[in-house]
Amino acid sequence: MGDDNSYDIRTILTQMREEYWQALAEEESEAKETLECLVFTLGGKRYAFETHYASEVIRIPKLVRVPAVQSLIRGIFNLRGEITAAIDIRPMLGLPQPEIGPTGRILVVRGDNFATGILAEAAHGVQGLCFDDFEPVAAGSGIKTQFLRGHFSLEEGSVILLDMEALLADPELVAGEA
Amino acid sequence: MANRYLEIFCREAEEHLASLQSGLLVLEKNPARTDLLHELLRNAHTLKGSARMVGLADISAITHTMEEQLKGMERGERKVDAPAIDLLLRGADAVALITSALMRGTTPELDVERFVAEYERGELGQHISAEPKEAQPEAHADTVRADVKTLDHLVNLVGELIINKKRLEAKLERLKEIGYALPDQHAAELATFRGELEEDVLYLDYLIQELHGKAMGLRMLPLRTISDGLERLVRDLAQQLGREVQFQIVGQAIEMDRVLLEGLKPILIHLLTNALSHGIEAPDARAAAGKPRRGTVLLSARHQGNSVLVEVRDDGRGMDPAGIKAAAVARGVLDPREADAISDEEALYLTFRPGFSTAEIVTDVSGRGVGMDVVKKNIERVKGSVTLSSEPGSYTQVTLQLPLTLSVLDALIVACGGETFAIPTTYLQEIVKVRAGEIDTLGSGEVIKVRGATTPLYSLPGMLGLPERRDAGDAPLSAVVLKHCDQRIACIVEAHLGYSEVVVKGLGKQFRNVRFLFGATILGDGNPALILNVPDLFEAGRGVQRAPLSAEEVQAAQRRLKVLVVDDSITTRTMEQSILVSQGYQVVTAVSGEDALEKSAQEQFDLVISDVEMPGINGFELTRALRSTDQYREIPVIIVSSLSRDEDKRQALQAGAQAYIVKGAFDQGLLLETVQMLIG
């Protein structure tokens, strides 16, 4: 510092600006390509939501039934000291409810108000889903679309993207409000 | 008090203070201009009312004195001279100091208490401008500040430790079983190891108990922290009601969990208010009955086992069982046939039923017909129980039994419907074995005799909507007898699994409206067990006999009720509006009586809430005007005012108002209760 010759504020600023724009451009192009999603099975079909909603995936522990609440709240369990609900969202999506066997998992998700556990028939891990394969939900397609954003058509079949924002804000998830 | 209201108040206060200041200065120069007095009075009065609304007692006291002085001037009883104006200006200055300190969130540079006292006496007293405070000796050098959240977190962590210790104990048991299956030689070795481990766990248990005690101790506060304000309350109420009362507090040093104390305060306010307004008679009446003119109200607290007993006792007129029964029948709370069957002791508890009140008109002081009901609700919230005892003509005593803390409970663990539940022992009377032959039918329900008393019998799984396993045959069934206030019910469970100290965990926001549950705990095996909220079981038991709502009632309940709020103070309007809106009422505001008349003609309201003193027509005139129209002849009107004389209340009732709430006693619950009582 202090040496006027080696310190050209203009050059440094230009450089910084370029780096900034470059970083932005990189981020954008990346985001355009894929969406990081947790993929799982509900009602025999493959579903997904963005990973930032998920806080963990666990095997199904003993669920304690809660009296006098709607049937989609299947019980509560002990998540390291926090009492957490296990919910079966399949009826909300108009899906059949096959028995959840040994491959069953609980996807712990964090909404604005509470953390809750979504029961799934199986979990398939995190995948980067390509936006080029994405089709937004078609209106009037006959199925329950309230909580869907669209689907990804992949080689191994389609993956439906859930609208977690809408799902987690639905009063049906809150005991006594359905 | 939400900061939002304080902010609104401070802004409103600024305006009134500015106009007080300029008006007073003009008056000082031209003492003959008494026409200014009315406007000044209105400023002081509005300020007083708004201050009361937001609970600023000091400002309300100062402005009250100012109002009295101005009234004196208006009536010509008080000279309009420099010293008198000076006194008024000092009042305005003090209010300005307090509000600006509030805005900054600091303490005002003024000994407010001393100022208020001196000001009430009309003494100029201390100078307001910066008076150097005496250096306070550093008395608490060996204490540190701690965030309440940190303390709560600490207590939660200790709770986790207790749960973990339970898991260790469960594993020790398992180890014993493993030992039995081993050949003798290994078994001996294992037994020694197990013995040592058991000692370690015992010591850990001891340490955790100590730690728990200390951690809880950090959250404990003495009763004194809430009882100081109560003395003032009793004094003011006694004055207002014309009673002579000696108020004693015993056991101020008894400590309780901070959370519990917060819940206790409104209960005590309610009970003391009742003691003064329903209990203690007027001095002359007392003298005539051969009692000392001065009544005694005693608030006492003491430890009993793992709980605290808080008693409020007055030596007033007591509770009259016959009067209570008659009132209960008259209000439709009780069937006349039922009334005959009720014992004198049971009759006292009728006062806890919703919709019960023995006072004839609704006033702010008490007799709102919702008071004791609310007391009961609040006690349920803190897992306490309440007992009443009284001797007509001599005393009334309300005893509250409260747990020391809400974070750890003693509970009975029961099996029911394939699940495990914890029942707090505060509600447990006893465990009984019932044979099928001992069950009688009464009406549509089943009853058993418990110590000679006929007790309703329910199946716990049935009540909770869980699968029932009730075997035929005469095998004895297990039932728990639960008590709540004066009532007893017996609930059949599959088995009881012993007593345990359970750590209470909240169920979180997803279960905020859940019925039957108070929380959950985690058992030794790591699985959760739900803690039952016993009062809900009593409700459910009663619900069985209650007729379902008619279609009309359901429809009426679904319609959003519309309320018109009339007040010239923006603080009051905003507060009342947001209180009502939060409860689902639709609210329209009006800034004056004229405005209200216009708005009420345009649409139909279900209720009108009005201030008294406003520019233009006042609240009484507004009420009369509304009463004279067909549209509003029957619509309830609540007067909310800072005028607290009986004369004003009489005027309000003559004008046709149904209820009168004094801003000094204003709290959110009071307004809501009154509104709910009038229009549901």
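Using N, Cα and C of the backbone, Cβ positions are placed for all residues, glycine too.
Here's what TrEMBL has on this protein:
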DOMAIN    B:1-102  domain 'HPt'
MOD_RES   B:His45  phosphohistidine
DOMAIN    B:204-406  domain 'Histidine kinase'
DOMAIN    B:408-543  domain 'CheW-like'
DOMAIN    B:562-678  domain 'Response regulatory'
MOD_RES   B:Asp611  4-aspartylphosphate
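Taking H, G and I as helix, E and B as strand and the rest as coil, DSSP gives the domain 'CheW-like' (B:408-543) the counts 24 helix, 74 strand, 38 coil. Every protein chain shown contributes to the tally, and the Cβ of B:Asp611 (4-aspartylphosphate) ends up with 27 other Cβ atoms within 10 Å. In this structure, the residue listed as 'phosphohistidine' is part of a helix by DSSP.
Neighbour count (other Cβ atoms within 10 Å of the Cβ, all protein chains): 23 for B:His45 (phosphohistidine). Reduced to three states, the DSSP call for the residue listed as '4-aspartylphosphate' is coil. Between the alpha carbons (Cα) of the residue listed as 'phosphohistidine' and the residue listed as '4-aspartylphosphate' lies a span of roughly 12 Å.
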